[in-house]
Amino acid sequence: KHSLPDLPYDYGALEPHINAQIMQLHHSKHHAAYVNNLNDTEEKYKEALAKGDVTAQIALQPALKFNGGGHINHSIFWTNLSPNGGGEPKGELLEAIKRDFGSFDKFKERLTAASVGVQGSGWGWLGFNKERGHLQIAACPNQDPLQGTTGLIPLLGIDVWEHAYYLQYKNVRPDYLKAIWNVINWENVTERYMACKK
């Protein structure tokens with residue numbers, strides 16, 4: 001069974017950039033719903049497998065992708081944020097960003113543009129392309145998980161579902177994007193980068 005991970009900080013810790021009300025609803029209601037629905041879907045899937053019911057297995061795929069993706073994405077997202085975040089990464093990750101995007105500012109512009117440009121709900125991502133050995137920006141619709149749908153290893157995810165910002169930023173997604181850079185946990189992103197290079 002999957003369970004809701006604890007946040008590594010208090011709900012109000014990311015103020016004023018992301019307010020406590022958003023964090024509480026986002027974590028304790030939205031993420032919790034993905035976890036519960038994923039567990040329910042997996043139970044139904046096991047039953048369908050046991051019965052050899054391929055039609056039922058196929059019918060469950062969208063729910064598995066949506067709720068499984070929601071759980072994977074949010075579990076990464078919470079650790080990608082920190083009250084002590086912001087600034088720029090250091091060391092090898094910064095060098096890789098400069099190599100693959102020209103500069104940190106250009107990278108920031110591109111990931112912001114990809115995230116703002118998601119139509120409807122979805123995610124902006126910095127991922128690692130293991131085959132080519134470099135960083136890549138991608139956007140995924142809904143809760144589609146980055147690795148499961150593109151093969152890129154997720155390093156940094158930006159949630160652009162309205163539930164991630166609407167209570168504070170209303171319909172002005174670019175303002176939310178501007179604010180979130182102040183709480184990006186570059187240590188966590190760097191750890192993810194170093195792990196996938198091994």
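Yeah, the Cβs are placed from backbone N, Cα and C, and that goes for glycine too.
Going by what Swiss-Prot states, the Mn(2+) site holds H74, D159, H163, and the candidate of H26, H134 recorded there is H26. Long-range neighbours of D159 (Mn(2+) binding site) (same chain, six or more residues apart, CB within less than 8 Å of its CB): H26, N73, H74, F77, W123. Nearest to K51 (N6-acetyllysine) in space, judged by Cα atoms and limited to the modified residues Y34, K44, K90, K98, is K44.
Other than the site residues H26, H74, D159, H163, same-chain residues with C-beta atoms no more than 8 angstroms from the centre of those residues' C-beta atoms, the Mn(2+) site, are H27, H30, H31, F77, W161, A164.
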